[in-house]
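Chemist: Mind having a look at this structure? Questions to follow.
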Amino acid sequence: MNEEQRKAGTINILDERDRKVEKDYSKYFENIYQPPSLKEARKRGKQDINYNRDFHIEDKFEGMGKGRTFLIKTYGCQMNAHDTEVMAGILQALGYTATEDINEADVILINTCAIRENAENKVFSEIGNLKHLKKNRPEALIGVCGCMSQEESVVNKILKSYQNVDMIFGTHNIHKLPEILEEAYLSKAMVVEVWSKEGDIIENLPKVREGSTKAWVNIMYGCDKFCTYCIVPFTRGKERSRRPEDIIEEVRGLARDGYKEITLLGQNVNSYGKDIKDLEYGLGDLLEDISKIDIPRVRFTTSHPWDFTDRMIEVIAKGGNIVPHIHLPVQSGNNAVLKIMGRKYTRESYLDLVNRIKKSIPNVALTTDIIVGYPNETEEQFEETLSLYDEVQFEHAYTYLYSQRDGTPAAKMKDNVPEDVKKARLQRLNKKVGHYSEKAMNQYEGKTVTVLCEGSSKKDDTVLAGYTEKNKLVNFKGPREAIGKLVNVEIDETKQYSLNGTFKEFNDAPLVTN
């Protein structure tokens with residue numbers, strides 16, 4: 001789009017906006033938006049799930065983005081990354097072209113994360129930084145989407161303080177993006193579309209996948225666990241499983257397209273299938289069916305220990321393309337804290353599960369998540385988390401200071417753990433994480449492993465980088481032709497969180513190493 005076209009478009013858009021009447025949001029949250037309510041959320045399982053396989057771009061929207069560009073900034077989990085791929089697919093279907101220059105983008109979307117306060121602060125900082133851009137280019141559309149958009153306090157804050165935002169839409173509204181954009185172009189007021197109905201699963205949404213080697217595949221949406229610290233069941237809604245035939249067809253398509261690795265996604269993948277009324281079919285069954293598809297690696301995340309079944313262990317133990325890496329968040333090693341967290345398992349039942357996994361899958365790599373400084377956590381309770389870590393010997397862990405989320409039950413709890421104590425505990429835990437990570441890495445010295453090469457190293461573009469089946473980062477010198485392929489690499493040096501090696505040969509079949 002040249003400068004004259006841009007100016008003409010700006011005048012037309014602003015004229016249209018001036019003719020519109022400003023919206024009255026006074027009843028918005030009363031009629032459409034439901035703020036977090038544990039009591040109300042627990043009733044939602046009674047709703048039916050509708051499967052919509054007829055998604056298409058309406059004729060009236062075709063060409064909407066012709067001559068226009070878009071940029072999406074993504075915060076948060078793999079689910080958000082996948083949502084970004086879908087939004088990019090819809091935008092390209094509308095005729096928009098992707099750009100990496102935010103100053104040139106005609107549509108800017110901020111895909112947000114609500115899991116921790118720090119993530120929200122980054123988003124508000126980002127939106128604030130865009131005020132200058134909006135002043136200079138009022139025709140550009142700025143949208144805030146993702147999990148933060150499902151929070152009443154966030155929407156109110158944007159409505160009050162960030163008039164540079166043109167549209168707010170939630171996690172259940174992505175398929176409505178063409179309508180949202182159309183209204184934003186014509187509306188003088190901010191477009192707010194945080195759809196509270198969460199019972200639909202929309203298939204056949206277009207996607208622009210990040211790369212051609214690894215792919216995300218959603219198998220379910222939402223979460224019904226209601227851990228007391230977590231906002232996700234409210235922002236992502238109730239558990240809804242995709243039909244297995246739709247998932248399997250998507251995976252087959254990715255295999256045909258040459259993808260080497262897929263990750264099955266869900267807020268709690270272990271609950272997969274429980275809501276499908278006409279079928280007795282769980283994650284173990286899905287994994288077994290996908291193991292028959294010619295794709296080298298299959299991962300899944302995130303797992304809740306409560307739903308991890310012996311059937312799943314049995315399928316993973318068979319080997320094949322289901323990788324021997326299980327991410328199993330424990331959050332705490334103390335029963336009292338686990339109960340307050342609403343995790344539905346005990347230290348003993350978690351360790352029993354770990355022992356069953358290790359017995360059936362001796363070469364398994366276990367990783368976890370841990371929260372430090374939960375409301376009223378004592379030193380003795382924290383010590384139990386450390387001792388559990390010693391007992392399991394996780395190969396890696398994602399560790400966090402507790403972050404209060406408005407609307408969750410934990411937000412009402414009195415927090416008497418001083419900040420300096422929390423940080424000191426986190427430091428002690430991270431020291432242990434580093435110790436066991438280094439111990440796991442040392443096993444690889446002198447061994448040959450199969451690496452899925454993803455591209456150049458972030459630190460040195462003359463070095464290639466990729467991951468083993470157990471998700472270990474490997475940096476190595478090798479031919480550029482290795483990118484996107486499985487290669488054998490001999491490990492020369494082990495570090496605390498990565499491995500260095502030498503390229504040996506191409507390997508189209510996974511090499512199983514213990």
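Including glycine, each Cβ sits where the backbone N, Cα and C put it.
Swiss-Prot lists these features:
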BINDING   Cys77, Cys113, Cys147  [4Fe-4S] cluster 1 binding site
BINDING   Cys223, Cys227, Cys230  [4Fe-4S] cluster 2 binding site
DOMAIN    68-186  domain 'MTTase N-terminal'
DOMAIN    209-439  domain 'Radical SAM core'
DOMAIN    442-505  domain 'TRAM'
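Help me picture these features in the structure, burial and contacts included.
Modeler: The Cβ of Cys147 ([4Fe-4S] cluster 1 binding site) has 27 neighbouring Cβ atoms from other residues within 10 Å, across all protein chains displayed.
Cys227 ([4Fe-4S] cluster 2 binding site) counts 21 other C-beta atoms within 10 Å of its own C-beta, drawing on all protein chains shown.
For the domain 'MTTase N-terminal' (68-186), residue counts in helix, strand and coil come to 62 helix, 23 strand, 34 coil, using DSSP.
Confidence over the domain 'Radical SAM core' (209-439), given as mean pLDDT on the 0 to 100 scale, stands at 95.
For the domain 'TRAM' (442-505), the DSSP-based tally of helix, strand and coil residues reads 4 helix, 34 strand, 26 coil.
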Chemist: Can you give me the Cα-Cα distance between Cys147 ([4Fe-4S] cluster 1 binding site) and Cys230 ([4Fe-4S] cluster 2 binding site) in Å, rounded to a whole number?
Modeler: 12
Chemist: Rounded to the nearest Å, what's the C-alpha distance separating Cys77 ([4Fe-4S] cluster 1 binding site) and Cys223 ([4Fe-4S] cluster 2 binding site)? Just drop the number here, would you?
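Modeler: The separation of the Cα atoms works out to 14 Å.
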Chemist: Between Cys230 ([4Fe-4S] cluster 2 binding site) and Cys113 ([4Fe-4S] cluster 1 binding site), how many Å separate their Cα atoms?
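Modeler: Just about 12 Å between their Cα atoms.
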Chemist: Give me the CA-CA distance between Cys113 ([4Fe-4S] cluster 1 binding site) and Cys223 ([4Fe-4S] cluster 2 binding site), in Å, as a whole number.
Modeler: 16
Chemist: Would you count the other CB atoms within 10 A of the CB of Cys77 ([4Fe-4S] cluster 1 binding site), including those on all shown protein chains?
Modeler: 19
Chemist: Under 8 Å Cβ to Cβ from Cys223 ([4Fe-4S] cluster 2 binding site), same chain, six or more residues apart: give me those in sequence order, or none if nothing qualifies.
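Modeler: Sequence-distant Cβ neighbours: Cys230, Val232, Pro233, Arg236, Glu239, Gln267, Asn268, Ser271.
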Chemist: Using the centroid of the Cβ atoms of Cys77, Cys113, Cys147 as reference, list every other same-chain residue with Cβ within 8 Å of it (recorded [4Fe-4S] cluster 1 site), in sequence order.
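Modeler: Surrounding the site, in chain order, are Tyr75, Gly76, Met79, Asn80, Thr112, Ala114, Ile115, Ala119, Gly146, Val232, Thr235.
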